[in-house]
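Undergrad: Feature table excerpt (TrEMBL):
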- A:Glu58: active site, proton donor (ACT_SITE)
- A:His56, A:Cys86, A:Cys89: Zn(2+) binding site (BINDING)
- A:5-115: domain 'CMP/dCMP-type deaminase' (DOMAIN)
2 protein chains.
Amino acid sequence: MINPFDDTYFMRKALQEAEAAFEKGEIPVGAVVIIDDKIIARSHNLTELLNDVTAHAEMQAITSAANFLGGKYLHNCTLYVTLEPCQMCAGALYWSQISKIVYGATDEQRGFKAMGTKLHPKTKVIGGVLEDEASALMKRFFIEKRNLN
Amino acid sequence: MINPFDDTYFMRKALQEAEAAFEKGEIPVGAVVIIDDKIIARSHNLTELLNDVTAHAEMQAITSAANFLGGKYLHNCTLYVTLEPCQMCAGALYWSQISKIVYGATDEQRGFKAMGTKLHPKTKVIGGVLEDEASALMKRFFIEKRNLN
């Protein structure tokens, strides 16, 4: 039997969050956290609205998921995020001991891989899921932003 | 003339915050952010109370200082923190473009230097200010914790 709840399914949910960020004029990054195929946190980048560099989608998703679970560790959870996490978010994910991270587009400049940030040894990582959609949304955002300025 | 508002002065304020964390059963790390010799944010670690791995003293201090300033960048600000920042906090400080970071005790295991986290090129760093006091507080915390369990 085919399980409809695969990485593509949940990345589409994260992309919907990224679209919501786009509509607010935020760099369009979205995230969801799941446990047992159930979404327990949804978030999108709010750094501009909140005037807060810490308001990345992943940071909010970690806080929100921990709040749902009633504990600070995200064991058995998967984070889906449309863009490769940065040093800060990867550092937070390290502390959370999250089981799995699935990201869409690679961030070759500021992504945790290029920056050398360490994840928890328990954490599995998959990149490139719906990468084209996530990249296209980012490109559209920066083109529109350039044209407005 | 002697300026009483030196790094030691502000680190003592951060140590007071660390003491407040200690009293709550939190790993005792405290922080303050200053601009023009004026404290604009005070915070201490609240990861246990909030069940949130992102609630490090520095993260709260960054959010709080940006809120005070009405902008997300911490230009001309200095963060005083009793323990060397971790990957997450250093990553957040990177985004904040903070001018200066002063820390107390070195974290040889999880500190940003050992982990190789990059700071913003504009950011100056000084370590070891009131290091003995900060280290002693941490040691006392872990000894008491061990004896309770």
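FYI, residue positions are counted from 1 along the chain as it appears here.
Positions of Cβ are set from backbone N, Cα and C atoms, glycine also.
Describe each of these features in terms of where it is and what it packs against.
TA: DSSP gives A:Glu58 (active site, proton donor) a helix state.
All protein chains shown were included, and the count of other CB atoms within 10 Å of the CB of A:Cys89 (Zn(2+) binding site) stands at 31.
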Undergrad: Any idea what the Cα distance is from A:Cys89 (Zn(2+) binding site) over to A:Glu58 (active site, proton donor), rounded to a whole Å?
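TA: Distance between the two Cα atoms comes out at 6 Å.
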Undergrad: Using DSSP, would you call A:Cys89 (Zn(2+) binding site) helix, strand or coil?
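TA: It is helical.
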Undergrad: Going by a 10 angstroms cut-off between Cβ atoms, which of the recorded positions A:Glu58, A:Cys86 has the sparsest surroundings?
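TA: Checked A:Glu58, A:Cys86; of these recorded positions, fewest Cβ neighbours within 10 Å: A:Cys86.
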